[in-house]
Number of protein chains: 2
Amino acid sequence: MNFLEERILKDGIVKEGNVLKVDSFLNHQMDINLFKQMGEEFKRRFADKNINKIMTIEASGIGIACVVASYFDVPVVFAKKSQSINIDGDVYVAEVESFTHKNKNQVIVSKRFLGPEDHVLIIDDFLANGCALQGLISIVAQAGGTVEGIGIAVEKGFQSGGRMIRNLGYQLESLAIVESMDAATGNVKFRDQSEVE
Amino acid sequence: MNFLEERILKDGIVKEGNVLKVDSFLNHQMDINLFKQMGEEFKRRFADKNINKIMTIEASGIGIACVVASYFDVPVVFAKKSQSINIDGDVYVAEVESFTHKNKNQVIVSKRFLGPEDHVLIIDDFLANGCALQGLISIVAQAGGTVEGIGIAVEKGFQSGGRMIRNLGYQLESLAIVESMDAATGNVKFRDQSEVE
């Protein structure tokens, strides 16, 4: 079991409806030392990739992305939800459905910050049905850039997002893949990734 | 002139209506090495304070807060805009008006992550009229915690937020205070802070 799986067992809370609360260390309160461990691990897993930019989506991906970025020594660009008056009209747009908030958002990235020269590592905290990730991949494609890899903290392995992204040929690395969880007992089962690597 | 003021002169863009775009390095694309310099500088300015938590507000404050937090070796808690189904009902709430998005948001922090034992450094990217900051201060007060200081990247010195917060006695450190800017010439004038310190 790796450091993130151990932390999930220690501090994660399983709720009814396959909800895994990791808000004490990942996406509300944020444990920066844990994020540093994640940065080291992603750096190891993507060591052979030539990455010049990290991309994420607001809000909870930003913290992880910024700490991870310091291990790659590259800037972060985060996709913004909905149009802001401070963003030029010249933007890439993707439509993203949110499971958590039960709504649809346009996410946008200024064309000034993504182009054909960019080799992008996408970072996010959660992967479930993969809608946010599809939007980010679409934006990199619109820019003519290259997705070199995708680094996720927690993947819900029983939802289809991860399988679909891997089927498309992307190197998707999730530090913890939850296979099942049980709100009654609080049990969380992780996918054994030792055979995958 | 300090590193952030220099960067604003180099890469900031002045738009009509007293809008200063710093989205190429601060709040859309994010220069992590710049954020590290900010972390070092805030650590120096708040060296005498006993800080055990950094607090910010989504979205663009999160990146700076996480990098700054690694210099203080403390966790970050970010206030969330609007109620999420992944947050317990047991939250502190403040109402915050957004100048950028021209709307009102409730911002919330789970009661599990803020309490009387917390000595908080508030970090954000921008300070103008101070509405977001008042909301964060109110949440720390609701929790019975202590605001040890406030660290801001860019303050619009010609708006009232900063003066009001300083009048209330808080140690507010803004790395760059814009006194005036001119969209026609692109000029930005900063407040001389050498006499203040």
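Heads up, the Cβ atoms here are built off N, Cα and C, so glycines get one too.
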Would you identify which residue of B:Leu20, B:Leu168 TrEMBL lists as part of the xanthine site it also attributes to B:Asn27, B:Lys156?
-> B:Leu20
Cβ-Cβ distance under 8 Å, sequence separation of 6 or more, same chain as B:Lys156 (xanthine binding site); the residues meeting this, in order, are B:Asn18, B:Leu20, B:Phe126, B:Leu127, B:Ala128, B:Gly162, B:Ile177, B:Val178
Could you list the residues of the same chain, at least six apart in sequence, whose Cβ is under 8 A from the Cβ of B:Asn27 (xanthine binding site)?
-> B:Ser60, B:Asp125, B:Phe126
Across the domain 'Phosphoribosyltransferase' (B:47-153), DSSP yields 28 helix, 44 strand, 35 coil
State the three-class DSSP label for B:Asn27 (xanthine binding site), counting H, G and I as helix, E and B as strand, and everything else as coil.
-> coil
Could you tell me which of these binding-site residues, B:Ala128, B:Cys131, has the fewest other Cβ atoms within 10 Å of its Cβ?
-> B:Cys131
Relative to the Cβ of B:Gly130 (5-phospho-alpha-D-ribose 1-diphosphate binding site), which residues of the same chain, six or more apart in sequence, are found under 8 Å away?
-> B:Gln159, B:Ser160, B:Gly161, B:Gly162, B:Met164, B:Ile165
Which of the listed binding-site residues (B:Leu20, B:Asn129) has the least company, meaning the fewest other Cβ atoms within 10 Å of its Cβ?
-> B:Asn129
